[in-house]
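**Student:** Can you keep this structure in mind? I'll have questions shortly.
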Amino acid sequence: MDAPNRSNFYIGLALAVSSTIFIGGSFILKKKGLLRLSKKGSTRAGQGGYAYLKEWLWWAGLISMGIGEIANFAAYAFAPATLVTPLGALSVLVSAVLSSYFLSERLNIHGKIGCLLCIFGSTVMVLHAPQEEEVASLTAMAEKLKDPGFIAFAVCIVVSSLALILFVAPRYGQKNVLVYILICSVIGSLSVSCVKGLGIGIKELFAGTAVLKEPLFWALLICLVICISIQISYLNKALDIFNTSLVTPIYYVFFTTSVMACSAILFKEWLQMSADGAAGTVSGFLTIIIGIFLLHAFKDINFSLDSLPFYLHHGPQERTWNQPYIALPTDGRTTMDESKLTKERNAKSFFSESSDKRSNGTFNT
């Protein structure tokens with residue numbers, strides 16, 4: 001990688017990481033503001049639904065989220081989408097860690113392991129991030145969009161999305177969480193491509209190029225607005241019907257996978273990667289997926305080190321291996337005792353019945 005590409009890569013990486021910090025912190029600020037309102041006896045519904053607008057922490061959270069989204073938008077103009085999109089998982093990590101400190105929300109051992117896995121997976125992805133072909137202008141972007149492979153991919157995305165929206169969603173959308181998430185994910189792959197093109201156009205605009213006269217710039221903008229509108233609509237439907245802890249990790253996996261596939265087809269990122277680089281990128285992505293799953297799937301379970309068996313809390317020198325095992329009284333043990341007593345009663349009745357039959361001459365020896 002030459003010096004200009006390296007500097008662009010680091011700028012995009014810094015913007016992507018800062019974006020996750022601002023977005024993750026925005027949830028904490030807004031939640032903190034709403035909690036302050038509830039302590040004062042004011043709720044969003046209590047004062048016409050606009051009481052939260054008077055809380056400065058809520059506005060700070062909104063500004064923080066806006067800065068994060070702008071930074072994330074700018075990151076696509078400098079770094080590969082295959083790197084920027086998976087790093088969005090760090091916003092979940094930032095939110096989880098900050099909530100344990102500022103909102104007194106306990107982070108159980110599953111969540112801590114999930115945070116470590118997210119950090120480890122993100123680090124692996126950064127070290128093995130693919131380097132996309134240089135696209136420095138809207139003219140070069142137009143050539144990429146004319147590629148037959150991308151055209152076939154875009155047609156498949158549009159056709160599959162229309163089929164899901166018109167035929168599958170009305171029948172199975174409220175029963176299966178994958179329907180709405182698939183719509184958001186496949187449409188999201190096109191929206192990220194539009195963001196990438198618009199980011200390049202804005203860079204050219206600041207450099208003095210008259211990109212506002214380019215039809216491609218406005219076409220990308222219109223396509224982005226349509227894609228984001230569809231994404232928000234169906235993501236809200238999924239969140240209204242299904243549990244957030246179920247929707248968030250599944251949406252992250254499908255959305256990131258779709259974006260990586262679209263980016264690989266459009267920018268040919270994987271053609272310049274070695275085998276170990278591709279394996280590192282995939283393994284880092286899978287590690288992040290596992291971390292996100294642990295953060296969300298078990299966040300409501302009150303599990304800590306105190307829940308482990310007693311003997312794990314002591315060193316080998318403190319364990320008394322020669323002492324007999326004493327089980328704690330549980331419902332399962334009570335059930336087993338009752339079952340054992342029933343078997344003993346049945347055995348006694350059987351032998352007593354057999355004794356009576358032998359006495360009556362039923363059995364001849």
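Numbers run from 1 along the shown chain.
Note that Cβ sites are derived from N, Cα and C of the backbone, with glycine treated the same way.
TrEMBL lists these features:
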- 9-29: transmembrane segment (TRANSMEM)
- 56-76: transmembrane segment (TRANSMEM)
- 83-103: transmembrane segment (TRANSMEM)
- 109-129: transmembrane segment (TRANSMEM)
- 150-171: transmembrane segment (TRANSMEM)
- 177-195: transmembrane segment (TRANSMEM)
- 216-234: transmembrane segment (TRANSMEM)
- 246-267: transmembrane segment (TRANSMEM)
- 279-298: transmembrane segment (TRANSMEM)
- 337-365: region 'Disordered' (REGION)
- 337-347: compositional bias 'Basic and acidic residues' (COMPBIAS)
**Student:** Hey, would you say the transmembrane segment (246-267) packs against the transmembrane segment (279-298), going by three or more CB pairs under 8 A that are 6+ residues apart?
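**Tutor:** As far as Cβ distances go (cut-off 8 Å, pairs 6 or more apart), the transmembrane segment (246-267) and the transmembrane segment (279-298) touch.
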**Student:** Excluding the flanking five residues on each side, which residues at least 6 beyond the ends of the transmembrane segment (150-171) place their CB within less than 8 Å of a CB in that stretch?
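**Tutor:** Result: 144, 179-180, 182-183, 186-187, 189-190, 230, 234, 261-262, 265-266.
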**Student:** Take the transmembrane segment (216-234) and find every residue of the same chain, 6 or more past its ends, with a Cβ under 8 Å from one of its Cβ atoms.
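**Tutor:** Non-local partners: 138, 141-142, 145, 161, 169, 180, 183-184, 187-188, 190-191, 194-195, 197-198, 201.
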**Student:** State the residues, same chain only, that lie 6 or more residues beyond the ends of the transmembrane segment (279-298) and have a CB under 8 A from a CB inside it; answer 'none' if no residue qualifies.
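**Tutor:** Tertiary neighbours of the transmembrane segment (279-298) are 82, 86, 89, 92-93, 96, 108, 110-111, 113-118, 120-125, 127-130, 244-246, 248-249, 252-253, 256, 260, 273.
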**Student:** List, by number or range, the same-chain residues at least 6 past the transmembrane segment (109-129) whose CB is under 8 A from its CB atoms?
**Tutor:** 9, 13, 79-80, 82-83, 86-87, 89-90, 92-93, 96-97, 273, 276-281, 283-295, 297-299, 301, 303-305
**Student:** Please indicate, using numbers and ranges, the residues of the same chain that are 6 or more beyond the transmembrane segment (9-29) and have a C-beta under 8 Å from a C-beta there.
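**Tutor:** Contacts with the transmembrane segment (9-29): 1, 57-58, 60-62, 64-65, 67-69, 71-72, 74-80, 83-84, 87-95, 98-99, 102-103, 126, 129, 131.
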